[in-house]
């Protein structure tokens with residue numbers, strides 16, 4: 001990925017702090033939906049991401065397409081984010097989270113306590129259960145997990161999850177895998193403005209411009225899987241998503257000009273040539 005001259009103020013971008021870890025990249029990626037492991041590995045590398053999420057249940061059960069998945073990634077280079085995808089209740093999510101922590105340890109990340117919390121009883125729209133998510137989050141925080149909960153763009157729920165000790169909040173941009181982009185910008189903006197933990201826009205981002213849009217709003221990071229894995233050229237799309245995420249963050253930090261209802265000339269009026 002293209003680097004920025006260290007003399008530029010943009011190079012002072014602060015690191016992303018989640019739990020006890022710091023990260024340079026603000027793009028998180030996934031491991032699902034790739035045609036093969038080699039494409040997945042190359043895409044992860046091209047994206048420049050440092051956090052990669054893995055569905056614990058699918059790895060544990062050797063679901064089709066997931067056999068050998070955990071071993072296919074070089075976990076010395078990226079941080080594993082186990083997730084509870086497929087869990088329909090809080091109790092199930094807590095059990096799977098514990099398995100995820102053990103899986104991370106077995107793969108060499110002894111101090112990895114991260115868990116992406118997903119409680120999704122709805123198999124059609126894949127919308128997260130707010131009550132089950134809150135219940136599971138409270139228990140997992142008590143057990144020492146750094147909880148990254150996947151939620152609807154609900155500012156009140158986001159604040160409550162922050163209050164119980166979650167390490168981030170992860171509001172969806174639009175339904176998982178839909179590629180619809182950011183459909184609830186107003187609520188996500190409220191979440192960003194009121195959060196004291198990182199806000200990660202997760203799900204629905206379909207293009208680099210949408211990744212940049214999320215970052216320009218002030219999101220701390222984005223998580224993108226389907227848009228990369230199912231692109232015609234996943235490796236190239238991963239590169240584009242990494243660049244867009246970085247560009248969006250720089251744009252947010254640099255401060256865009258205000259929107260005006262009238263024109264403002266770029267050139268001074270003084271010294272005009274008149275007839």
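Cβ from N, Cα, C; glycine included.
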Looking at 1-deoxy-D-xylulose 5-phosphate binding as recorded in Swiss-Prot, which candidate out of 177, 242, 248 goes with 203, 204, 225, 226? 177
Looking only at DSSP and grouping its letters into three states, which state does residue 177 (1-deoxy-D-xylulose 5-phosphate binding site) belong to? coil
Within the same chain, and leaving aside 177, 203, 204, 225, 226, name every residue whose CB is within 8 angstroms of the centroid of the CB atoms belonging to the recorded 1-deoxy-D-xylulose 5-phosphate site, in sequence order. 175, 176, 178, 179, 205, 206, 224, 227
Take the C-alpha atoms of residue 225 (1-deoxy-D-xylulose 5-phosphate binding site) and residue 116 (active site, schiff-base intermediate with DXP) and report the distance between them in angstrom, rounded. 14
Pairwise CA distances across 177, 203, 204, 225, 226 (listed as binding 1-deoxy-D-xylulose 5-phosphate) top out, in Å, at 9
On a count of neighbouring CB atoms within 10 A, which of the binding-site residues 225, 226 is highest? 225
